[in-house]
Ligand code: SAH
């Protein structure tokens, strides 16, 4: 990746490769990168405000925009006459299950959650297996995987949609690419990934505190083409 970027302290990097090399250039550094990413979130409350970095007011507009986007995709690609039901989704970096609870479980018959921070995942499990959610036999959370994306391989052909929101910035470019290549086999024929992310105006911004990067739209598109994926729809 040849675009330059900055970090949260204003330091400039000439290229992303320079930054990746410095941050994750050997096995030890890479282990530290991922450990610090998870440690950051381990220190965060298992609440909507916690997983949204203090911006809980973003929850409602976020869900409503995602709802609009997902509805279009579902009608174009997954209507009952086109696609065998039940529909199954995977919520990646699910945190406390905010996206599953407010969005995915309304549309998908089964949702699996993947989240490396156990107190988040346990909060998700508690919400999604009790109260009203426990009675919804046709729309339910099924598997709760306490694993980071870079170590996850899905079951072959299980998912219609793999939803990845506000967590892919924790992955290095190499792990981003290998994740998507591995996860592809987890999609049913005609299935797709939905990636929802903040974007940088250009290049990237490294967050020194939570060990993640924000990539530009172009950066994402370059990575997708290196994954052998094409963009079906963007918003
Ligand atoms: N997607 C959720 C949570 C966003 S907060 C939502 O929108 O509500 C970012 C989440 O990414 C946290 O739950 C954090 O634990 C998770 N995360 C951090 N590193 C990760 C990794 N390597 N793989 C998967 N998830 C990760």
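Including glycine, each Cβ sits where the backbone N, Cα and C put it.
In TrEMBL, the S-adenosyl-L-methionine site is described by 93, 98, 149, 150, and among 85, 165 the residue recorded at this site is 165.
Overall, the recorded S-adenosyl-L-methionine-binding residues 93, 98, 149, 150, 165 cover a maximum inter-Cα distance of 21 Å. Long-range C-beta contacts of residue 149 (S-adenosyl-L-methionine binding site), restricted to its own chain and to partners at least six residues apart, with a cutoff below 8 Å, comprise 92, 93, 114, 164, 167, 168, 170, 171, 175, 179. Each of the binding-site residues 98, 165 was scored by the number of other CB atoms within 10 Å of its CB, and the largest score is that of 98. In this structure, of the binding-site residues 93, 150, the smallest number of CB atoms within 10 A of the CB marks 150.
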